[in-house]
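Q: This is the structure I want to talk about, given as structure tokens.
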Amino acid sequence: MANIVIDNIKKSFGAFQALKGVSLTINDGEFVSLLGPSGCGKTTLLRIIAGLETSTSGDVRIGEKSVIGLLPKDRGLAMVFQNYAVFPHMTVYENVAFGLRMQKADDARVKKQVEKAAGLLHIEPYLDRYPNKLSGGQRQRVAVARALAVEPGVLLMDEPLSNLDALLRLEMRTELKTVLQEAGTTTIYVTHDQTEAMGLSDRIAVVHDGRIEQVGTPVEVYNNPATRFVGGFIGNPPMNFITMPVTGGQVTAGAQQFAVPAQGGDIVLGLRGETVERAPTGHGLDMHVRVAEPMGSHLLLTGSILGQPARVILPATETVKNGETVGLTLDPRRLTWLSPESGVSYPAAA
Amino acid sequence: MTQSKPWIPYALILPSVVFLGLLFVVPLVQTLWLAVSDNGTPSLANMTTMVTDLHFGRSVLNTFLLTLAVVPVQIVMALTMGSMVAKMNGGRETILWIWTIPLGISDLAAGMVWLSILQNTGYLNSILFGLGIIERQTAWLTYQTPVALFIGIAIAEIWRGTAIVMIIIVAGLNQVPKEFKEAAEIFGASPWTRFTRITLPLIRPALQSALILRTVLAFEVFAVVYALGGRNFPVLVGEAYNWQNQNQNYGVAAAYAVLIMVISLAATLVYLKAVKVDPERLP
């Protein structure tokens, strides 16, 4: 077990700056996701921590010790790869045992550790088989078992579920959470899937364009996005951004008025689609509904508010027709206000 | 839709089958018959002539020695070259292009190239003389210098035939995803362990193809040997050539051809067994 300190890591590939100074501290036993769209630098950061890539500048400390310049094997970590990287020419048993064999562990210890890891991941029935005969989900279990068998201080996971189909992904997500909680390993998890990050993480670091935009618990990041990017990236549907005029430090939405952290000009309202309540038109913001989709668990409305595109969610018990205009009242405690110029949110009012 | 006309694939394959039948199977059967007959009746006379010939033992020995010397060196060199080129970021294509130049040269021309280096008035002697290492022209390619002759032929063969092995091995190496090596590295495998425990097993199919192809070609070695050693270094194909052209005895020439084919087939079978490719253990 170990904590990790990432200190101002920069990485350039030629003229391209993949990481523009990233700092992050991960506590012992914590599960942190690096969440961001493809090409944002999250995988590069993970590979730098692993030692598979060298940083241009900056420091990585694992358990208080700088690991820059150390070989991957001397960093006390294990890794799970996106395409599993389970060795096809070795049985599942030998795959799980690989790290221990490299450490020259004796057979008794290898057996004990392999059985323990195989038990955690429920792969005992396949230990004698070759990976070729296994499904994607089973191979991924083998990859996780191989990583856990060496009892690493730090576990790195690079999009481990992205090659699985949706149903299996959900199943593995739940199982990973259980297994990793049991193992208590410090984990860094790279993903572009915000539901995975939300569901699994103690904290999420949202990475965008080579920088960390925000670090926080899933609920913090969801409710109080630091930037427009974070609000738009996290949540399904994404946060709505509605530019509204400010007069005398106030924004007016129908009969509702809100004090905002700006005196005049425009401000952007960050509105989570499920935080509104239906009301007669004119009570709050009016939404022109282009398409109403009953999803079973809820009703998804797509249309426009103040002429700007918006998606909101109403309870499944509501009925709305396409082309109808509905009134929506806002919950003042759940609004985010952002600067229209910088896209950065104003600190939540205390 | 091709399904409505099921004969189309067969029609398209037919020309190549006819071509191979006429130019491969028919001569093969004829050669086999030629080898085991005498004036139209079955006979082992040609075999007996071949086996009792003065050059037979030496040509078998030389062919095998040359194969044993050349093939392992070529495989090791090709693996080294392939691994080195895999680490390159830029200029990879250029290096591969340069390395495959010998492939574009006919084997007789390759023999002539090395003859111009190794003959009495060749480049090697000029350099050695210029450096003051030798005092007069030294002969390397005569029957009196069998070791030097053997080494010269082996080097020429290695120069000429490594590229094809390398191409097959590079193709094999390219198919190994880098994650396998990275995973092995993360879990503590040294570069040598990664090579022996991960890379080599994963390029087994390529290795098998390269070994079979190169060994069969090595048993058929002729032009380079002929250019450098003439009959000072008898090999199997060279003997077949001599019986055919010098002695005008097609029967014995055919017997040699059949022997070479049997050896090649045997070698192929040995490789198929020894370097077994289990599809279950491939990615």
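Any Cβ shown, glycine's included, is placed from N, Cα and C.
Checked TrEMBL, it gives:
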- B:60-271: domain 'ABC transmembrane type-1' (DOMAIN)
- B:12-36: transmembrane segment (TRANSMEM)
- B:56-82: transmembrane segment (TRANSMEM)
- B:94-117: transmembrane segment (TRANSMEM)
- B:147-173: transmembrane segment (TRANSMEM)
- B:211-229: transmembrane segment (TRANSMEM)
- B:249-272: transmembrane segment (TRANSMEM)
Q: Mind pulling out the one from B:12-36, B:211-229, B:249-272 with the most Cβ pairs under 8 angstroms to the transmembrane segment (B:94-117)?
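A: Out of the listed stretches, B:211-229 contacts the transmembrane segment (B:94-117) most.
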Q: What same-chain residues lie close to the transmembrane segment (B:249-272): Cβ under 8 Å, and 6 or more beyond its ends?
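A: Same-chain residues near the transmembrane segment (B:249-272) but 6 or more away: 31-32, 34-38, 45-47, 49-50, 53, 208, 211-212, 215-216, 219-220, 236-237, 239-241, 243.
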Q: Apart from its near flanks, which chain residues at least 6 from the ends of the transmembrane segment (B:12-36) lie with a Cβ under 8 angstroms of it?
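A: Same-chain contacts beyond the ends: 42-44, 46-47, 250-251, 254-255, 257-258.
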